[in-house]
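See structure below.
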Ligand code: DX5
Ligand code: ZN
């Protein structure tokens, strides 16, 4: 049986009440907090950094999954590890030395992963599978919440699933962008086990109702 994990993205939360928001979403059943870091350079938007990660850390016990949409990446990694991150992922285009960056994340005590934009080829995985704990497939172009799921992402999830199974390693397969109750089962069917959802959860008044409905969809996946 696959263990499915729901990872609400704080990008769509109320930033004026962030501590309360993450507590509420974990109480509603979230398994992971997805923390989107944007730098107005690698992506055309600007969000939050290690200070805010540190501020929410005492509010929840679940892992904090830091998705770095920044360039360069290496300098900021130890800061996020100190701020309480458990998982750190980055985009291969944003690092000059992928192997070194993956090792740096692990050396700082976090799980490490690569993020693939809709048009980013998957070959970046070929020589680093032994340094990867998580693969994140973007199903939108990064930078904003509330965009529509790009169906081609399902093919990429399936490719990533094959690579993980062939490696025999315990690697999480996460999908991020436009995930909602209506399409979460298709992403699971393609091979994803971890589902980021921002607007679909924080955009609704009843977080538990959405997460429960997502779990019902996942329970029906064969
Ligand atoms: C996009 C971010 C996503 C985003 C998801 O760049 O990486 O995590 O917050 O938001 P929704 O679920 O609204 O597409
Ligand atoms: Zn994200």
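Note that Cβ sites are derived from N, Cα and C of the backbone, with glycine treated the same way.
176 is the residue from 176, 193, 206 that TrEMBL records in the divalent metal cation site together with 34, 36, 67. For the pair residue 176 (substrate binding site) and residue 34 (divalent metal cation binding site), the Cα-Cα distance reads 10 Å. Over all protein chains present, the Cβ of residue 34 (divalent metal cation binding site) has 26 other Cβ atoms lying within 10 Å. Local packing around the Cβ, expressed as the count of other Cβ atoms within 10 angstroms, is greatest for 176 among the binding-site residues 36, 176. Counting every protein chain shown, the number of other Cβ atoms lying within 10 Å of the Cβ of residue 67 (divalent metal cation binding site) is 27. Among the binding-site residues 9, 143, 178, 199, the ones whose Cα sits within 10 Å of the Cα of residue 36 (divalent metal cation binding site) are 9, 143, in sequence order.
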